[in-house]
Every structure is written in C-alpha cells, then in structure tokens.
Amino acid sequence: MEILGLYNYWVFAILLLIGLYAVITKPNFTKKLIGLNIFQAAIFLLYISMDKVDGGTAPIIPHGAAKDIIYSNPVPQVLILTAIVVGISTTALGLALVVRIREAYGTIEEDKVISMDRDQ
Amino acid sequence: MEQVIDIISWICLLGGALVVLIGGIGLVRFPDLFTRIHAASLADSGGAILVIVGCMLQAGLTLAGVKLAAILLFLLFTSPTAGYALAHSAITAKDDGLDVDIESD
Amino acid sequence: MIIVFSLFLLTMMVVVALAVVETRNLFAAAMLTGIFSFLMAANFFVLDAADVALTEAAVGAGVATVFFLGAIALSSEHEHSASRKFGLALLAVASTAVVILLGTMEFPILGDGSAPVHQHVAPWYLEKTPELIHVPNVVTAVLASFRGYDTLGEVFVVLTAAIGVLSLLGFPRNNSEENAVNDGLSHQKILHIVGKLLIPLIILFGLYVQFHGDFGPGGGFQAGTIIAAALILYALLSGGDRARRQMPPRLLFGMACLGAFIYAGVGGTTLLLGGNLLDYSVLSHDPVHGQHLGIMLIEFGVGLAVASVMLTIYHAFAGHEHR
Amino acid sequence: MTGFDSHGMLLGMILLIPLLGAVLVGMASRWPNLRETGSVLAALALTFAVWSLLPGALAGERPELVLFEILPNVPFAFKAEPLGLLFAALASLLWVVSTIYSMGYMRGNNEAHQTRFFMLFAVALFAAMGVAFSANLLTLFIFYEVLTVSTYPLVTHKGDEASMRAGRVYFGILIGASIGLFLPAIIWTYALTGTLDFVPGGILEGHLAGPAVGLMLGLYVYGAAKAAVMPLHRWLPAAMVAPTPVSALLHAVAVVKAGVFTIVKIIIYVFGVDFLFATPSSGWLVPVAAFTVIMASLIALRQTNLKRLLAYSTISQLSYIVLATAILAPLSQVGAALHIAAHGFGKITLFFAAGSIYTASKKTDITQMNGIGLRMPLTMGAFAIGALSMIGVPPMAGFVSKWYMLGGALQTENYLAIGTIILSTVLNAAYFLPILYRAFFLTENVAPPREHGEANWPIRLALGTTALLTIAFFVFNGPVVDLEMQLVETLL
Amino acid sequence: MLAAQYPVLPVIVPLLSAPIAALMPNRSLAWIMASLVSALVFATAVALTVIVSAQGMISYEVGGWPAPYGIEVRVDSFSVVMLLVISGASTLALISGKASIDAQIPSDRQPLFFAAWLLALAAYSGIAVAGDAFNIFVFMEISSLAGYVLIANGPDRRALPATFKYLVMGTIGASFYLIGVGLAYMMTGTLNIADLHARLGDVPYLRPILLSAAFVTIGLAVKAAVFPLHVWMPNAYARAPSAVAVFLSACSTKAAVYVMLRFDFMIFGGAFAHHDVQFSTVLMSLALLGMLIGSAVAIYERDVKRMLGYSSVGQIGYILLGASMISLGGVSAGVIHMFNHAMIKGGLFLAMGALVLRLGGGTLDDLKGAGRTMPWTMGAFVLLGLSLIGMPLTAGFISKWYLVQAALDLGTLGIVLIAAILISSLMAVVYIWRVVEVAYFQSPQAGASKHQEAPLMMLVPLWAVVLANVYFGLDPSIPVDLATNAANILLEHAK
C-alpha cells in the first residue's frame with residue numbers, strides 16, 4: 001500500500017517527460033505549445049500532491065469551527081494558482097506568435113521555417 | 001428510513017454509471033456522426049440525471065443538495081443544446097462544402 | 001479510499017496526454033487538452049485543493065481551449081511534417097525519467113502528516129489566519145495578504161500577456177455598422193435562446209465566486225475567467241462585430257490596465273500610509289478590518305484584470321482578419 | 001597621494017605635449033603647412049622638456065609623478081630613471097628629425113591621409129614617452145598596448161590588400177604575444193611579489209627560484225614581441241609595406257626601441273642582474289639572442305629589396321641589445337643602453353637614405369642602384385656613415401656601444417657572446433659594403449624614369465642631421481656613459 | 001519615511017507606471033515616461049548602493065509579515081551590483097534608443113512596447129532584490145514574457161521564430177527552476193532563501209536535495225544561456241529591435257547567473273559537503289567549453305549582432321569560470337566581469353544599433369566602409385571591442401586581470417584556465433578585428449556615400465559608455481569593492 005503513495009510523483013515524472021518529448025520532437029509550433037502545457041501541468045501535480053494530509057479537508061476554517069480538524073497545506077495551492085495563470089499567459093503569447101509566424105512564413109512547421117530563413 | 005434512501009441512491013448512482021458506460025460503447029460502435037451524437041447525448045442527459053439524483057439523495061436537504069439541484073438544472077439546459085449545435089453545424093457544414101467526414105468507418 | 005480515485009484519474013491523465021501528443025489533427029489535440037485539464041482539476045479536488053481545482057477547470061479547460069481554437073482557426077488544423085530525430089530526444093527524455101524516478105524513492109509518502117512540508121510554515125498560516133485576518137478561506141488569505149507580493153507579480157503576468165498579444169496581433173478593427181459580417185451563430189435560434197438564458201446566470205455565478213472568495217473556494221482569477229467565459233459566449237452568439245461594438249477592445253484593455261493598476265495602487269497606498277508594501281493593516285483603523293478591505297480591493301482588481309485580459313485576447317484572436 | 005614636485009610637473013608636461021601635438025595636427029588638417037610646423041614645434045618642445053631633465057638626472061635626481069591607483073598598490077605612476085631618460089631623449093630628438101623628413105617624403109610622393117599620419121605619429125610618441133617613464137610594469141604594459149594600437153593604422157597606411165595582410169600579421173603577433181605571454185607574466189609577478197614597481201636590484205629575488213625564473217624570463221622576453229627576438233620577428237619585415245617615415249618610426253624611433261627597452265628594464269629592475277646571474281636557469285637567453293643575431297644577418301645577406309635588408313639588419317641589431325643584457329655584466333648593461341641610441345641614429349639614417357632614393361628615383365632594389373652614389377652623393381654619403389656605424393667602425397656611434405658590450409663579455413668570460421659579436425660584425429660588413437661598392441664604383445645599369453639629383457630639401461636636411469648625430473654621438477658619448485653608469489653603480 | 005522603502009521602490013514604481021504607459025495616447029509621451037521611470041530606478045539603485053556599502057544587508061518584509069511567513073525583500077552588495085547593471089542598461093538603452101525605436105517599431109504599437117519594457121525593468125529589479133525562491137520564479141516569468149514581447153517587435157520577420165524558440169526554451173528553463181524550488185520546499189517546508197539555507201542542513205534524505213539542485217542549476221543554465229543550452233540567445237538578440245538588444249544583452253542572462261550563484265552558494269552551498277566540488281567541476285567545464293566554442297563560432301559569424309551574441313556566450317563562460325573557482329578572488333572576479341561585461345556588451349549593441357539605423361543592416365557587407373562614413377560610431381565600436389578583448393586602460397582588462405590572478409592560486413589547473421582565458425581573448429581579437437578590417441579597409445558599397453553620422457541622441461550615450469569603460473578601467477574601486485563584499489557574502493554562506 002505504501003508504494004501507492006509515490007504514484008503521484010511517478011505520474012508527475014511521466015507527464016513531465018511526455019511534455020518534454022512533445023516539445024523536442026514535434027516540429028509543429030502549436031503542438032509544441034500543447035506539449036509545454038502538459039509539461040507545466042505536471043509541475044502543478046507535483047506541488048499539489050505535496051499538500052494532501054490523510055483525513056484532512058480543504059483549508060477553509062469557518063467561524064467557530066472545532067479546533068481538532070486536520071487541514072491540508074494551503075501554501076502549494078497558492079503557488080500553483082500563480083503558476084496556472086503564468087502557464088496560460090505563456091500559452092496565449094505563444095499562440096499569438098504562432099498566428100504571426102503563419103502569416104509571415106505561411107507555415108507553422110519549424111523545419112520549413114528554418115529552411116526558409118536559411119536560404120533567404 | 002436511512003437504509004432505504006441509501007439503497008435508492010446507490011441504485012441511481014449505479015444506474016447512472018451503467019448508462020454512461022453504454023453511451024461510451026455506443027459512441028465507439030456507431031458508424032456515422034449522427035448516430036454517435038445520439039449515443040453521446042444519451043450518456044449526457046440520462047447518465048447525468050441519474051448520478052446527480054443519487055448524489056442529492058446522499059446529501060439530503062443541505063446546502064450541497066441545493067447546489068446539486070442547480071447543477072442538474074444547468075446540465076439539463078446545456079447538454080441537449082450542445083447535442084443540437086453539433087448536429088446542426090454538421091449539416092450546415094456539409095451544405096457549405098466543408099469536408100466533414102460524417103460517414104467515417 | 002480516496003487514493004483509488006486518484007489512481008484512476010492519474011492513469012487517465014497519462015493516457016490522454018499520450019493521445020494529445022500523438023494525434024496529428026490539432027483540433028482534436030485542443031479538445032483533448034481540455035479533457036486533460038478537467039481530469040487534472042478533478043485530481044486536484046481529490047487532493048483537497050478546491051481553489052486550484054476551480055482555477056484549473058476555468059482557466060485550463062475553458063479559456064485555454066478557446067485560445068487554442070482561436071489560434072488553430074487562424075493557422076493550420078493539421079500537423080504536416082513528421083516529427084524528427086527520435087533517438088536523441090528519446091534518450092535524453094528516458095535518462096531524465098530514470099533520474100527523477102530514482103529521486104522519488106525518497107520523497108515523503110502522499111498524505112503523511114509528518115512530512116516536513118506540514119511542519120514549518122503551513123501550521124503558522126492555519127493557526128494565524130482566523131486570528132490575524134479573520135477570513136475562513138486560508139488559501140485566499142495567504143494568496144492575497146501573506147504572499148500578496150506574488151499575486152501582484154501574477155496580475156502583471158496576465159497584463160504582460162495581454163500587452164504581448166495586442167502588440168503582436170494588434171487591436172481588432174471593428175468594421176462599421178452596415179457591412180458588419182454576421183458571422184455569429186445568431187441564425188441558430190435554439191442556441192440563441194438558450195445562450196440568452198444562460199449568460200446572465202453565468203455572470204451571476206462569476207460575481208458570486210468573486211465575492212465569495214473569502215469564505216469558500218473562489219477569488220479574483222476564477223471569477224474573472226468565468227465572467228470572461230460568459231462574455232465570450234455572448235460574443236460567439238451575437239457575432240464578433242456586434243460584441244466588439246458593445247465592448248470596444250480598447251476599453252477592455254483599458255479595464256485590464258485599470259485592474260492591474262488597482263492592485264499596484266493598493267500596494268502604493270499602503271506605502272504612502274506608512275506601512276510596508278502591501279501591508280493592508282494600515283488601510284483602516286483596525287488591522288483586521290484593514291486586511292478585509294485590502295483583500296476585497298485586490299480581489300476586485302484581479303477579477304477585473306483577468307476578465308478583461310481574457311476578453312481582449314479572445315477578441316484579438318477572433319477579430320484578427322485572416323490574411 | 002599624487003606626489004608633485006617641480007620635476008614631476010615636467011614629467012606630466014612631457015606626457016601631455018605629444019597629445020597636444022596630436023590634437024593640434026588634427027585641428028589644422030586643412031592647412032598643411034600649419035599642420036607640419038605644429039608637429040615640428042611639438043617635437044621641439046618635447047625634446048627641450050626631456051633634455052632639460054638630463055642635467056638633474058646626471059646629478060642623481062629621480063623625478064616621480066604618481067597619479068592614481070588602478071589596482072591595490074599598483075598606481076598609475078611615472079619615474080624618470082637613466083634608462084628611460086636615454087630612450088625618451090632619443091625618441092624625442094628623432095621625432096623632430098623624422099617630422100621634417102616626413103614633410104619632404106609626403107610631399108615628394110603625395111601620400112594620402114597625411115593628417116592621420118602625423119596625428120598617429122604624435123600618439124605613438126606619447127605612448128613611447130609613457131613606456132620610457134613608467135614606474136611600474138602595469139603602466140608600462142598600458143602604454144605598450146597603446147603603442148601597438150596607435151601604430152597599427154600607420155602600418156596599414158595604404159589601405160590596400162597587401163597592407164591589410166601585413167597589418168593582420170603585425171597586430172596578430174604583437175597583441176597575441178602581449179596578451180598571451182606578457183600579461184600572464186605581469187600577473188604572475190604581482191601574485192608572487194604583491195608589487196609591480198621597478199626597483200633597482202629587482203623585486204623577484206627570494207620569491208622565485210629554479211626553473212620558474214627561466215620560464216618567467218621567457219614569458220617576458222617573448223611577451224615583449226616588439227623586440228623581434230626570433231621566432232616572433234615576422235611582423236617586422238611584414239611592416240615594410242608601409243611608407244618609409246613609418247618604417248623609420250617603427251625601426252628607429254619608437255616601436256622596436258620600446259620592445260628592447262622593456263626587456264632591458266625588466267632584466268635590470270624586475271629580475272635584478274645579480275639575481276639572474278646567480279640562477280643558472282636564465283642561461284638560455286644568450287644562445288637564443290646569439291642565434292637571432294646570426295640568423296637575421298644571414299637572411300639579410302640574401303635580401304635584394306633595400307628596405308627588407310634594413311628590416312632584417314634591425315632584427316639582428318635588436319638581438320645585439322638583448323645579447324648585451326643577457327651577458328649580465330655591468331659593463332654590458334651600459335653597452336646595451338648605448339646601443340639603443342647608436343642603433344637609433346644609424347638605422348634612421350639608413351632608412352632616410354632608402355626613402356630619399358625611392359622619392360628621387362623610385363628604386364627599391366639594390367641591383368638597380370649601381371652608380372647612384374654619383375647622382376645622389378649626399379644621400380649615399382649619409383648611407384655610408386650609417387652603414388659604418390652599424391658595422392661598428394670607430395668614428396661612428398656603433399663602435400662605442402660594441403666597445404662596452406665586448407668589455408662586459410670579457411668581464412664575464414662569455415666567449416659565446418664575444419664570438420657572436422665578432423662574427424656578426426663581419427656579416428654586417430658583408431651585407432653593407434657591397435651596396436656602397438655598387439653605389440660608388442659601378443656604372444649605372446638601370447636608367448631612372450627621369451633625370452634626378454638629390455631629393456627635396458627637407459629630406460636632405462633630415463638626412464644630414466642624423467648622419468652628423470651618428471658621428472656626434474661618438475664624440476660626445478661621455479655624459480651619456482656617465483648617465484648609464486648610474487644604472488649599474490650599485491653592481492660595480 | 002521613503003528611505004525605508006528604497007528596497008521595494010525599483011519594483012513598484014515601474015509596475016505602477018507600466019499600465020499608464022500602455023494607455024498613453026502617443027509614442028513620445030510613453031517614451032518620456034519610460035525614460036523618466038528608468039532614470040528614477042537608476043537613482044534608487046545608486047542610493048541603495050550608498051546605503052548597502054554603509055550598512056551592509058537590508059531586509060524588508062513585504063506586507064508587514066515576518067520573514068519565513070511573509071515574502072522578504074533582501075538587498076546586499078551582490079543585488080546592488082545587479083540593480084546598477086539593470087537600471088543603467090535600461091536608462092542608457094531608452095535614452096539612446098528613441099531614433100532606432102521610431103525607425104523599427106510602428107508608432108501605434110510603441111505605447112505597448114514601452115509598457116512591456118517597464119514591466120521587464122520591474123521584473124529584473126524584482127529578481128535582483130528578491131529574498132524568496134518562488135518570488136524569483138514569478139519575476140523571472142514576468143521578465144521572460146516581457147522579453148518575448150520586446151523581441152517579437154523586431155523589424156523583420158525572423159524575429160518571430162527567434163522569439164518562439166526563446167519562449168519555448170525560456171519556459172522550460174523557468175519550469176525546471178520551479179521543480180527545483182518545489183523539491184526544496186518539499187524537503188524543508190519554507191521558501192525564504194535564508195531560511196532554506198538554515199533548514200537544508202538537517203534534511204535526512206540527500207537525494208531529493210541533489211535532484212532539486214540539479215533542476216535549479218539546469219533551469220537557470222537555460223535562462224543564462226550557458227554553453228550547451230545557449231542556442232536561443234544569438235538569434236534572440238540579433239533579431240530584436242536594437243534598443244532591446246542593448247537592454248537585454250546587458251541584463252537578461254546576468255539575472256539568471258545572479259540567481260544561479262545565489263542558489264548554489266547561499267542555499268545548496270552549506271547543505272551538503274561535496275556540493276561545491278560537484279558544482280565547480282560541472283560549471284567550470286561548461287564555462288571553459290562556452291568560452292572557447294562561443295568565441296570560435298563568433299569568428300565565423302557573418303551577422304555582427306549574432307557574432308556579439310555568441311561572444312556573450314563566451315563572456316558568460318568567463319563569469320561562471322570565476323564563480324566556479326569557489327575562492328574569494330574567483331567569485332569577485334566573476335561579479336566584476338558581470339558588471340564590466342554588461343557595460344561593454346551594452347555599448348557594443350548600442351553602436352550596432354546606430355550602424356543598423358544608418359546602414360540598413362547588421363551584416364559584415366553592410367558595414368563596409370563604415371569607418372569613414374560613420375567615424376564616431378565606428379570609433380566607439382573599436383574602443384569597446386578593445387575593452388571586450390581586455391586591452392589595458394579598459395574595464396575588460398580589469399576583469400581579465402582579476403580572473404587570471406584568481407586562477408593563479410589554483411596551481412596547475414590554474415594554468416589550464418589561464419590558457420583558456422588567453423586563447424578566448426585572442427579569438428576575441430580575431431572577431432573584433434574582422435569588423436574593423438571591413439569597416440576601415442573596404443570601400444563603402446555603391447550609393448553608401450549618403451550615410452551620415454548617427455544622431456546625436458545616440459552618439460552621446462554611446463560615448464558616455466565608452467568613457468565609463470575607460471574610467472572603470474582606470475579606477476575600478478567601486479565595482480571591485482562591491483564585488484568583493486558580494487563574494488564574501490556568497491562564500492561565508494557556502495561554508
């Protein structure tokens with residue numbers, strides 16, 4: 001049963017590398033951004049799987065709540081809220097670049113763009 | 001009285017799960033787009049209703065129960081509309097000559 | 001028992017991730033990314049991270065998919081050239097995987113309370129929040145007040161994204177009244193009716209999430225995204241040009257800047273009132289009341305900024321005439 | 001911190017005059033006559049300023065000027081010591097003469113970019129003064145590099161493909177050696193001793209022993225590539241592509257002198273003559289210098305182009321000076337110092353002669369120069385004086401310095417050095433005398449493009465003065481010798 | 001009252017002014033605002049330098065919460081060096097860049113451009129004064145995003161793929177850093193840098209900390225364009241607008257190196273015994289490779305801006321070489337070179353900006369005869385080139401001097417380092433002289449005679465940098481003292 005506790009981190013590692021693999025090998029710019037998205041999502045998983053405490057609930061303490069309730073750790077959640085927004089901003093900027101590259105080069109495949117630049 | 005509600009809610013939950021499963025299988029097995037939309041909407045409306053009712057029974061008359069009811073209402077509105085929109089755009093797209101592969105294998 | 005759920009969800013996520021990487025049709029990949037975010041959000045909820053689950057669902061699934069679809073509409077739908085140089089990438093990726101997996105052997109087990117993470121800073125927050133800031137939702141308290149400086153940076157990340165997209169794609173020009181291209185879905189009666197019915201409810205829910213942030217999961221980011229989703233739905237239904245006449249993109253960008261300025265302005269005023277940067281307790285006579293006021297103000301700033309940025313970016317993509 | 005006394009002020013003035021001259025020349029670019037007179041005036045002012053230091057120096061004064069601190073206890077400082085004074089006096093005097101000469105040469109061959117030439121000439125002199133009067137290795141290195149950078153545009157004066165390639169060789173070797181070898185040596189010394197000041201009797205004593213001394217010496221000798229010790233000599237013949245006044249500047253006035261001067265100064269003030277004499281690992285310098293002297297003379301034998309012959313002769317003469325210091329005898333140090341001056345006067349006369357032959361008859365090759373002595377008696381007369389001085393015949397300056405060098409060699413029974421000096425004297429005669437014989441005793445075989453007598457008057461004036469100076473040095477070498485004796489009085 | 005707020009002013013003032021600049025009606029108003037704010041930040045940086053050299057480290061609690069719980073802003077002499085470099089480069093680039101920005105960027109996009117510029121300035125200052133690991137990540141993201149926006153505004157279409165490559169690699173780098181911080185947080189429970197250092201000592205398991213150190217170092221190596229991971233940098237600087245190249249070349253990679261040194265010395269340094277051995281062997285080899293290969297590739301590069309980019313890879317190698325010696329002399333030499341290189345490379349890109357503005361292009365063929373048509377600009381380029389080589393009388397010489405002196409203490413290994421330093425300096429001679437030969441010895445292309453000297457607005461700042469270069473070459477006491485204190489702080493944490 002104890003090994004299952006680390007399953008989250010293994011999935012983190014696997015997702016991290018699926019994302020990295022996609023970014024490296026896929027020449028299509030949009031696919032690279034999707035790979036980047038997965039890559040960042042894996043990091044969110046790493047942080048959030050730290051905060052779970054057995055038997056703990058979400059860190060919301062209503063007024064006059066009993067003292068002995070166990071709460072999960074709020075800090076990684078705060079960090080990941082920021083990281084999600086950073087991720088979406090980078091994706092939005094990346095997609096705007098993809099659109100502009102498509103207009104300038106007519107294609108969004110990296111190898112074609114490089115060859116067009118090289119022989120210019 | 002508790003057990004009766006529990007049993008009913010479990011029946012609803014399992015029934016909902018079954019319906020979603022059937023919908024999934026239908027989605028894979030059916031030949032073309034429109035029959036697939038039919039199967040998917042089956043899972044959407046039928047399955048969703050059963051599952052949420054099951055949860056409401058579990059939650060009883062608390063704030064959570066009311067929230068579940070609101071979600072059910074919302075789902076009832078949106079999933080059929082989504083099914084309709086998909087079918088409608090498939091038909092209009094075919095007229096406008098877009099290459100919509102409706103009869104995929 | 002909870003562990004079983006997360007096992008299922010995590011395996012599903014790996015399957016969906018592989019599917020996303022392998023499909024050559026970008027439209028399908030965008031949709032699968034949406035599913036991936038939903039699974040991630042469900043997983044977060046299982047791990048007691050309610051706020052993050054709501055954000056991931058709203059931002060990851062909702063807005064990201066809209067942006068991807070917008071970009072795909074303006075560029076190609078299919079991957080054309082095959083992926084290249086397998087060997088090197090596979091080797092690099094595999095070796096990193098082995099290293100990380102070996103490393104995880106010594107990570108603290110999921111959920112054990114004695115892990116160092118739960119010993120040092122977290123208990124102080126859990127204990128001090130009701131006393132110092134008197135806000136039930138500890139995450140919002142930490143987000144807005146204890147680590148308010150991070151969130152300040154985050155709002156400006158969002159603003160930078162808007163500035164970036166606008167400087168790349170330019171402000172969408174809404175053509176004049178008569179030749180307004182009616183590309184909306186208005187000719188679809190059913191969608192129109194249901195849409196008209198739902199949009200106010202969604203906005204209401206957004207406002208609920210915005211101002212309910214102190215008590216339950218919610219806050220500026222989630223609310224902004226939900227409101228933006230509602231207004232994007234409206235823009236889809238009534239056609240881009242009508243929507244842009246109702247909410248001109250320059251005004252939207254102005255509101256985005258205003259939102260960010262509110263947040264930084266609150267920081268500035270605390271400086272002028274003698275406290276340190278973002279120290280809300282100087283905002284009013286009683287420190288706890290000051291914290292409340294500060295958190296409410298910055299949450300409003302964040303909500304305004306995020307909503308208008310998402311809308312500006314959507315209009316930049318939608319209104320960008322296809323050359 | 002800045003120690004100012006009256007002579008210190010003078011040192012500051014000496015450094016400023018060439019800079020002001022450069023600015024003056026730059027501003028007067030549109031009026032050639034004003035520009036040239038300005039340059040000559042600057043040269044005269046500099047000569048007067050430097051020479052006014054000499055009486056004080058003879059009496060043992062050492063004026064000093066410390067400006068500010070660049071690195072911990074390494075200030076940007078200047079100090080007038082006998083060796084520096086000699087080099088500065090030589091350079092300033094020859095600047096006057098070569099400015100006059102350049103007026104004639106530039107007019108005679110209507111070269112382009114004359115303003116740039118005079119400006120850079122003045123900057124090169126500024127750098128030479130800096131090298132001469134530097135009080136520590138860092139200041140010396142700074143001006144050494146300024147000299148390299150300021151003479152590069154002079155070497156590539158013509159701006160064509162050949163001069164660019166020559167410039168690349170010139171700059172590459174000099175910068176390569178200075179950054180590659182000289183800088184690490186300085187930093188190594190600083191790391192060892194914590195100071196870089198020139199102290200009579202050397203600063204490395206006790207900090208360094210065994211083979212490391214030989215290595216350090218090698219770094220310094222080959223670091224100062226301007227001394228053109230083989231194998232780092234190739235930049236000198238390559239720089240021949242420049243016009244003659246530039247070659248004169250390079251070979252007689254500033255560049256090579258700065259290189260050799262640096263080596264002598266380092267051996268006396270950084271290593272210390274006794275310390276080097278005591279450590280066997282520094283013994284390799286004498287054979288290397290001897291080899292360079294002989295090899296350069298042999299190559300010069302086979303040269304037909306007059307300027308390339310003079311270039312190789314310069315390489316061998318420079319290695320004379322290195323050889324003299326390498327003998328590590330007190331007398332030979334004086335001989336080395338004197339040879340800097342003697343070679344300066346002799347070689348500049350030869351270059352001026354070569355330049356005037358080229359201006360008058362456009363001839364550059366020795367084989368074309370049969371019977372030229374009859375057409376240009378003054379030029380060839382001066383050429384003869386210069387050549388004899390190189391060989392070391394008594395009435396000329398060369399004899400004085402060779403005399404002290406042989407004295408020093410005998411003192412330390414360094415037979416290798418004695419043999420080299422004698423053999424090279426014979427070789428000098430072997431490649432200079434045929435030119436004189438060809439000029440005076442053979443009838444003309446190649447008709448010059450047009451009838452010509454001597455070159456224009458500025459060239460003749462400059463030529464005459466340097467020839468007279470070569471002889472005057474022999475006659476009045478007393479005060480110079482006494483000045484240089486102060487260098488080594490502690491060692492006698 | 002305001003004096004106590006100095007540490008946080010360089011961040012909050014540009015942040016407040018960015019939205020305003022974005023909404024400015026016309027471009028010159030936005031430009032004036034950006035330059036004023038940048039000058040103000042520079043003034044604050046100078047004031048902080050005075051305070052820090054008097055009092056030592058300043059600690060400032062954001063939000064009034066005590067250190068490990070709230071976010072702490074910490075200013076010491078190392079961060080002050082960074083602040084001076086950042087604000088100096090930004091002010092210089094803005095003041096001199098007006099002409100080239102007007103030529104390269106359409107006027108309706110300029111308010112947005114200047115807003116992005118201010119955000120980048122705020123973010124880099126945020127990194128310089130940050131005392132919290134996650135806070136550095138947030139500001140690093142803002143600076144990268146703003147950097148992508150600035151570079152994407154480049155004049156020709158090649159700026160877009162260059163920006164995209166920079167975006168992808170930059171995000172991967174920042175995410176690796178985030179993983180590293182996450183793992184460190186997992187094992188210690190805190191994010192404050194000083195607190196991390198204190199608690200890392202008693203962590204039972206070593207492996208996660210090693211993993212965290214690896215992730216942080218690799219992530220920051222990507223952002224700092226250290227040798228094998230530098231592929232994004234030459235293109236990004238070459239294709240960006242000239243004014244952006246001046247700003248980013250001076251401080252974007254340096255901010256990443258700054259964070260890397262802070263992490264490796266102040267956090268992982270004391271954590272486990274042989275960390276510094278691992279750290280120095282890995283980084284020293286990368287630095288050596290970077291120096292040699294970076295300079296070698298620069299020699300064969302036809303586009304001068306890309307050449308300067310590759311030369312920057314080499315110069316980053318110098319900084320890391322100094323730092324990887326883990327000795328007082330070495331680390332201070334690295335910090336001095338951070339200061340000097342920012343000045344030199346900023347000046348060179350400024351000169352290139354003027355040349356591109358007048359001659360239309362940055363390749364060697366465009367620069368033919370530039371020595372005659374634009375004597376002042378080319379003169380400044382040559383002097384700065386000499387400083388890059390490390391000629392005496394220039395700032396480059398001082399950093400080379402301290403670097404070689406620090407290498408001497410390492411005995412035989414030191415000899416190898418010195419050889420590498422000198423070889424790459426000679427390579428620098430080659431690639432600078434290629435430009436000089438083209439500029440001075442080849443006649444300008446047909447119809448090039450119409451070019452006249454760069455506008456005064458560009459020449460005055462350009463020659464101000466050249467004179468600053470010479471001044472710091474002659475009297476380097478200010479940067480040297482700051483660097484030595486910084487080295488002391490870094491090293492006494494590492495023990």
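Backbone N, Cα and C atoms are what each Cβ position is placed from, and that goes for glycine too.
Automatic prediction, not curation, is the source of TrEMBL annotations.
From a predicted model like this one, the values you see are computed outputs, not experimental measurements.
Sequence annotations record features per position, and here TrEMBL assigns transmembrane segment to D:40-59, D:83-105, D:117-135, D:141-157, D:169-188, D:208-229, D:249-272, D:284-302, D:309-331, D:337-360, D:415-437, D:457-476 (among others). As annotated by TrEMBL, domain 'NADH:quinone oxidoreductase/Mrp antiporter transmembrane' applies to D:134-427.
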Top stretch by Cβ pairs under 8 Å to the transmembrane segment (D:169-188) (candidates D:208-229, D:249-272, D:309-331, D:415-437, D:457-476) is D:208-229
Report yes or no: does the transmembrane segment (D:40-59) come within contact of the transmembrane segment (D:457-476), defined as 3 or more CB pairs under 8 Å with a sequence separation of 6 or more? no
Counting only residues at least 6 beyond its ends, the same-chain positions whose CB falls under 8 A of a CB in the transmembrane segment (D:83-105) are 14, 36, 39-40, 43-44, 46-47, 49-51, 53-54, 57, 111, 117-118, 121, 125, 128-129, 131-134, 243-245, 248-249, 252-254, 257-258, 261, 264-265, 268, 337, 340-341, 344-345, 348, 352, 355, 359, 455-463, 465-466, 469, 480, 483-484, 487
Taking contact to mean three or more C-beta pairs under 8 angstroms, with sequence separation of 6 or more, is the transmembrane segment (D:141-157) in contact with the transmembrane segment (D:457-476)? no
For the transmembrane segment (D:415-437), which recorded stretch in the set D:117-135, D:208-229, D:309-331, D:457-476 gives the largest number of Cβ pairs separated by under 8 Å? D:309-331
Outside the transmembrane segment (D:208-229), at least 6 residues beyond either end, the same-chain residues with a Cβ under 8 Å of its Cβ set are 144, 147-148, 173-174, 176-178, 180-185, 188-189, 192, 235-236, 255-256, 258-260, 262-263, 266-267, 270-271, 275-276, 279, 281-285, 288-289, 292, 314-315, 318-319, 321-322
By Cβ distance under 8 Å, which residues at least 6 away from the ends of the transmembrane segment (D:309-331) in the same chain are close to it? 221, 227-230, 233, 236-237, 239-240, 247, 251, 256, 259-260, 263-264, 267-268, 273, 276-277, 285-286, 289-290, 292-297, 299-300, 303, 339-340, 343, 347, 350-351, 354, 366, 390, 401, 404-405, 407-409, 411-412, 414, 417, 420-421, 424, 427-428, 431-432, 488, 491-492
